[in-house]
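Copied from TrEMBL, the annotated features are:
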DOMAIN    8-108  domain 'Prepilin type IV endopeptidase peptidase'
TRANSMEM  29-45  transmembrane segment
TRANSMEM  54-73  transmembrane segment
TRANSMEM  93-114  transmembrane segment
TRANSMEM  134-154  transmembrane segment
Amino acid sequence: MELVPICLASPLLLWMAYSDLRYMRIPNWLVLGLVAIFLISMPFLPRDSVVSRLFTASLVFVICGFAFAVGFFGGGDAKVLPALILLVPSETLQFFGLVFSGSMMIGLGFVVAVQMVPQARNSRWLGIRAQGMFPMGVSISIAGLVHPFAVSYAI
């Protein structure tokens, strides 16, 4: 039951990956959609889980805010990661960290490999064309999409 909210977010996560790769933007409505899924799910989740998710998301928000302030994250990345953390069951947070780390390597590897193609410089996709920038929404999306399956497989 606790993985249902993150599964419900799948369409939003797919759109986020597309939007960040295509435009290097994560729309605010997408972040609000993730928060709305959490708010709607709250009555069906154990109270301890809700409190833990809120605490963890608050902590991630502060860390991401700092990362944004020093230029490490884009604004959309800094907003969407805490919103996604609201959907991750507290018992699986450490596992999510592993999945997120792997998705960062996959996303970075994909973008770097595509950027090495000579035609990439002429691409209309900003996430592919931008040198020295990484559309982290792709990796955040991968982590959110893979996490429920990885948890189910690991258990």
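Every residue gets a Cβ built from N, Cα and C, even glycine.
Since the structure is predicted, the reported quantities are computational estimates derived from the model, not experimental observations.
Mean model confidence of the domain 'Prepilin type IV endopeptidase peptidase' (8-108) amounts to 96 (pLDDT, 0 to 100 scale).
Helix first, then strand, then coil: DSSP counts for the domain 'Prepilin type IV endopeptidase peptidase' (8-108) stand at 85 helix, 0 strand, 16 coil.
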